[in-house]
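Only one structure is covered here, and it is reproduced in the block below.
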Amino acid sequence: QLDPFYASIILFVGRAWDAITDPMVGFFISKTSWTRFGRLMPWIIFSTPFAVISYFLIWFVPDISRGQVMWYLIFYCIFQTLVTCFHVPYSALTMFISREQSERDSATAYRMTVEVLGTVLGTAIQGQIVGKVVPPCIESPLFIGKPNSSVAMEDVNMTRDTGSLTDTRNAYMIAAGVIGGLYILCAVILSVGVREKRESSELQSDKPGSFFQGLKLVMNHSAYIKLIAGFLFTSLAFMLLEGNFALFCTYTLGFRNEFQNILLAIMLSATLTIPLWQWFLTRFGKKTAVYVGISSAIPFLILVAVLDSNLIVTYIVAIAAGISVAAAFLLPWSMLPDVIDDFKLQHPDSHGHEAIFFSFYVFFTKFTSGVSLGISTLSLDFAGYQTRGCSQPSEVHFTLKMLVSAVPVGLILLGLLLFKLYPIDEEKRRKNKKALQDLREESNSSSESDNTELASIV
């Protein structure tokens, strides 16, 4: 029941707060001492219960007439911070379970497969529980002469049945409780089933460099900047597609009762094809996989906007989009450990910066989500989108076509151009791997020599 303007302010401030917490959490992790649980796992274990509580309170409607905006702003920022305390060390675990590039790539493929499955599961849980009590759409005559969606919402709020509002509140609370329970279950499985290997990373220095020194080194690493830039634009393209596809199916294509199944087709297609892309990148290289995987969505995105409404074509486009979504999910995360290895070779005396690499990667993931939300909301509001309307003006249909077709295609092309500048190809990756092995062998032999000399002295 908040004004849409205040809801936008909450989301914007939350994303801005993320810009601070992501790198800072990465810094604090790099300063954390090793424990019997590891260096990363304590962050995951101790943040989980508080994250679940704050998530639950985001969906709770406080019985106060004033201060609701501050309530949601505070708990949204707290939740974002606690999710960062989980997500940054969770992502960085890839560097702490093995030294082998192939094993890290395999772990990344498994992680992204389950992450997409989790997205499907979360969407299904929230959609099925809340969808049963969502009020029906309102016929367009009610909106005549009301180009502003917030004005339309005032009429909706005045006529909304109190019992229906109570049922909706309860449905959101139940969904929050179920998802919170899944959060705890997954955190328990992770903490029990995964063990950090200290020897898998060079993060062994008791006194890693300062945060700003490490940040300067990381941000001056050319391969990292180019990878992030390409990742930023391709992620934004697919988030725009994902965020607006339901509205596009409902209003522009006229498949109001099919969009959940179409969304499910996208996510299942992505889940099933991640192993395919894992095989492809090991066979043909990661840069080739990026070009082939992400660009494969372009003709289908153009097709769905050009052709008339057709359910079969829409499902084909959904499956094709899912295949590209899998590549966009997997490949940037699979390429990040290669960048960190390249950084270690260029800065062999600088330790403890892995968490900074991953924290900024996590930040840009959230940043693209926020930018996508802002672009979509402002564009649809400018086009005259009618909240809960059974139909929309022609300007909204045109805007939705742009948001799911033309804009994503342009962003994908720009992202692929930036990936072209990414310097770590397969030959460079193999050279880095061999050079790192030589450094480790040299370090081990030096350590053994020192131990032998110490023993002889004793």
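For all residues, glycine too, the Cβ spot is worked out from N, Cα and C.
Among the features that TrEMBL reports, transmembrane segment is placed at 40-61, 73-97, 171-194, 223-241, 261-281, 288-306, 312-334, 355-378, 398-422. If you look up TrEMBL, you'll see 433-443 marked as compositional bias 'Basic and acidic residues'. Among the features that TrEMBL reports, region 'Disordered' is placed at 433-458.
With a cut-off of 8 Å between Cβ atoms, the residues of this chain six or more beyond the compositional bias 'Basic and acidic residues' (433-443) that come close are 99, 101, 341, 344-345, 348. Outside the transmembrane segment (171-194), and at least 6 residues removed from its termini, the chain residues within Cβ reach (under 8 Å) are 37, 41, 44-45, 48-49, 51-52, 55-56, 58-60, 86, 90, 93, 97, 118, 121-122, 125-126, 129-130, 132-133. Ranked by the number of CB pairs under 8 Å to the transmembrane segment (40-61), the listed stretches 73-97, 223-241, 261-281, 288-306, 355-378 are led by 73-97. Cβ atoms under 8 Å from those of the transmembrane segment (288-306) belong to residues 230, 234, 238, 241, 277, 280-281, 313-314, 316-317, 320-321, 323-328, 331, 335, 401, 404-406, 408-409, 412-413, 415-416, 419 of the same chain, restricted to positions at least 6 beyond its ends. Residues of the compositional bias 'Basic and acidic residues' (433-443) grouped by DSSP class, helix first, strand second and coil last, total 11 helix, 0 strand, 0 coil.
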